[in-house]
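Colleague: As annotated in TrEMBL:
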- 41-289: domain 'G-protein coupled receptors family 1 profile' (DOMAIN)
- 26-49: transmembrane segment (TRANSMEM)
- 61-82: transmembrane segment (TRANSMEM)
- 102-120: transmembrane segment (TRANSMEM)
- 140-162: transmembrane segment (TRANSMEM)
- 197-225: transmembrane segment (TRANSMEM)
- 237-260: transmembrane segment (TRANSMEM)
- 272-291: transmembrane segment (TRANSMEM)
Amino acid sequence: MDHTNHTWTQTFILAGFTPTGVLRHLAIFGTLCIYLLTLAGNLFIIVLVQADSGLSTPMYFFISVLSFLELWYVSTTVPTLLHTLLHGPSSIPSAACFVQLYVFHSLGMTECYLLGVMALDRYLAICRPLHYHVLMSRQLQLQLGGGTWVAGFSAALVPAGLTATLPYCLKEVTHYFCDLAPVMQLSCVNTSWHAQVYIAVIGMINTCNLVFILGLYGGIVKAVLKLPSAASRAKAFSTCSSHITVVTLFFGSAFIVYVGPPEIRAEGRGKLIALVYTFLTPFFNPIIYTLRNKEVKGAVKRVTQKIKALLI
């Protein structure tokens, strides 16, 4: 088809969710509460890691980087979710839509890389304990942490750039934020090639990181099983349980939406599943990493005592 016959869409309409009556009020209240708790929980982790020297380890450095990422990740999509719940289908300028799409996928890919780095940290801590602090130096921590952001924001340029250059004739995005597949469906041209490219890019990055994580955990399991006592094995596994939970939530939902069967997206289930990794995972991460964590509880007590001493 000839692109010159197409009119460029200056604004899109985010359809969002359309609950009515009491359900709509509950959805607004619940979304706002979870959003504020997510911000508070992740900020709490960042401040605690910075305030307490007992948490100045590589593991907690990467957890604080993840919390910082989650603050931006959840804030990229929840405001438009709240706006559609409050006002119904809402307009968004095409430029803002593409910026949201790019930032969202950049942060998502950054988290994908960061989860791989966190698995590497656990592998070195358990399999190379004598050399751990030498290998995972402060300089390497900063390089790995910064590298995940550079890699994530670079990788998202390809699918986001291809989507932004398409001509669009339709306006209504069947989602609560600008995501790749719902936006591409509005194009005037056949986007099957573009869809294959973005599935290949996102699928390859997710698959490579997941294989890397699974390989590291294979080494961790072998090393832990060689430990002499059941108590030492349980302690080693406990340091990995939180990370495994987050990896399962993130990769499971992402693969279903972006690499899963097209029927999921066609039937509108994609935006429901998207709530898991765009909204619920950032909410659960602080809980997962702090629940039943003795080091965090000890840090809270120490910081609380410091605050009390300053106030007296």
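In case you wondered, yes, glycine gets a Cβ from its N, Cα and C as well.
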Colleague: Tell me whether the transmembrane segment (61-82) sits in contact with the transmembrane segment (272-291), defined here as at least 3 Cβ pairs under 8 Å among residues 6 or more apart in sequence.
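Modeller: Result for the transmembrane segment (61-82) with the transmembrane segment (272-291) is yes.
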Colleague: Against which stretches of its own chain does the transmembrane segment (237-260) lie, if we need a Cβ under 8 Å and a gap of at least six residues from its ends?
Modeller: 59, 108, 111-112, 115, 118-119, 122, 125-126, 180-181, 199, 202-203, 206, 210, 213, 217, 220, 224, 270, 273-274, 276-277, 280-281, 284-285, 288-289, 293
Colleague: Below 8 Å between Cβ atoms, which of the listed ranges 102-120, 197-225, 272-291 makes the most pairs with the transmembrane segment (26-49)?
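Modeller: Comparing 102-120, 197-225, 272-291: 272-291 has the most Cβ pairs near the transmembrane segment (26-49).
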Colleague: Report, as numbers and ranges, which residues of the same chain sit near the transmembrane segment (272-291): CB under 8 Å and 6 or more residues beyond its ends.
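Modeller: Residues 31, 34-35, 37-38, 41-42, 44-45, 63, 66-67, 70-71, 73-74, 77-78, 81, 104, 108, 175, 177, 179, 242, 245-246, 249-250, 253-254, 256-257, 264 contact the transmembrane segment (272-291) from elsewhere in the chain.
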